[in-house]
Structures are given as structure tokens and as C-alpha cells.
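Per TrEMBL, transmembrane segment is recorded for B:82-105, B:117-135, B:151-168, B:175-191, B:211-234.
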Amino acid sequence: MSVSATSTISTPIIANSAARILQAAMALCFGAIIVGFVGFSHIEIVHNAAHDTRHANAFPCH
Amino acid sequence: MSLFRSIVFTAALTGVIVGVSVSAVQFAGTSQLIAKAEVYEKAGEVEPQAITTSPMVDAHVHDAGHDHEEGAWEPADGFERMAFTVAANMLTAIGYALALCGLIAMRGKPVTWREGLLWGLAGFACVMIAPMLGLPPELPGTPSAPLGDRQLWWIGTALATAAGIGLISFKRKPWAALVAIALIAAPHLIGAPAAPQGMHALAPEALEHQFVAAAVMTSLLFWALLGSLSGTLFNRFERTT
């Protein structure tokens, strides 16, 4: 009885916390992709457009 | 409001404010120094013979300049270049704010502006201070190792430093502190990719020093604003859930 009571209470909490971690991880990846695009792209046009930002942020630049 | 939406709203608003503020500071500081360095860089590219005598050093001087592909588009000097710099700064700030808020949300504890500021200063240490120990902010025309090698070292250093700071902050055990110190030190013991020997910067050393100081101060402002605004706004959006 007590086992089933625990499981009914804790399952939604675990699911909720897993969903929050997943959403936070998505935001983290999304942010890394944006920073990677602006600061680390090898595409010449992207490099030229973000040139001064790359130099000022100490992103490796050529 | 879902957590993801809270983070995205926080990052977008923070990114726009930080991007515009930092651009204003850059236009008075780093951008002016970059423009000065480009005068030396262009002079070095046009007249390498005037600077050097041996063919070996001549080749180095050419390498030291920007290796741009011929004919690739670049923003025209003046308003267009400034507009692209503002856009790039805003995107960088949005990207970093997304990552910072993602990490704060993973930690799972509500933050105030002050804790946000501490998260921001940790970010400053990870992506500015640690990488610049090996790869300082460079003016155009500064000799350097191949781009791919430097990017790999930069990313590895930022991640190792972040992991180290995370361990020190959240695991209050002596072993964690030891691992953290090893992690933070490792990239510097391995060493950043060095520029080939014999190359020299085209801009004067004094300009280079000024640029490093200006870039570090601007980055400190960037991260202080980014952290405290992220903390404040994220807290506010999460409370309206």
C-alpha cells in the first residue's frame, strides 16, 4: 500500500524534473550553437560580418 | 510559462540589452584599436619588401595578415560594419545567456541578481580569462597557429575551466577541489597552440597591450551585465509560472 502511495506521488515529480532538465539542456545546446555560429564559424562571410565581435571576445580569429 | 520559454525570453531580452550596451563601449574602445591595427596590417600586406629583407620572413609577414579569400563579402566600413558588430554582439549575448540560464535551471535553485552576477563572473572566467592566458585577444595582423587548433584549445579550455569552477562551487569535498584544480590547470600545462617561430605582429606592441586591456574590461562589463540581468529576469519569468 505504502509502495503504491509513494509511486503515485513521486512519479510526476520525477517526470517533471526530467522535463525541466531536458528543457534546460535544450536551451544550453541552443546557446552553444548560436555562440559557435557567431564566434567559431569557418564560413568567410560569417567571419567578416562578426569580425570585430570575434576579435573583442578573444574568439580565435584568422 | 514553461521553463524553456522562460529561458528564451530571459536570454532574448538580456541579449538585446547587453549587446547594445557592449557595442557602445566597443565602438569607443576595441573597434578603434582594431581600425588602427588594420592600417598596419594593410601596409604590411601591400609592402612586405619594405619591412623585410629575407624571403623567409617575407612569407611570415604575409601569413601574419588576415588570410581572407579574395572577393569574399565583408561589411563596408562605417554604419554597415557597426550594424553587423551590434548584431553579432547581440547574438553572442543571447547565445551565452541561453547557456547560462540553462545551467542555472539545471542547478534548480532560484537566483537573485547577485547570484546571477556570480554566474556571470564564472562565465567571464571560463570564456575570457582562461582562454586568454594562452590565446590573448588579438589585433588583426597578429601571427598565430592554425585556426582549427586554436579553436579546439579554446573550447577545451573553456569547458575544463567551467567543469572546475562547477566542482569547486557545488561539491564541497577535498577530492572535488583537487580534481577542479587539475582540470583548470590542464589546458595550460598542455599549452596553447603557438604561432610559428620568426613571425612578428604588424601592429606595435603598445597597441596590442591597449587592445588586451580594452577587450578584458569590455568582456567584464558584458558578463557582469549578462549575469545579473539573466538572474533578475529569469527569476521574474519563473515566478509568473
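A Cβ is built for glycine as well, from the same backbone N, Cα and C atoms used for every other residue.
Unlike curated records, TrEMBL annotations are generated automatically.
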Count the CB pairs under 8 A between the transmembrane segment (B:175-191) and each of B:82-105, B:151-168, B:211-234, then give me the winner.
B:151-168
When you check the transmembrane segment (B:151-168) against the transmembrane segment (B:211-234), do you get at least 3 Cβ pairs under 8 Å, counting only pairs 6 or more apart in sequence?
no
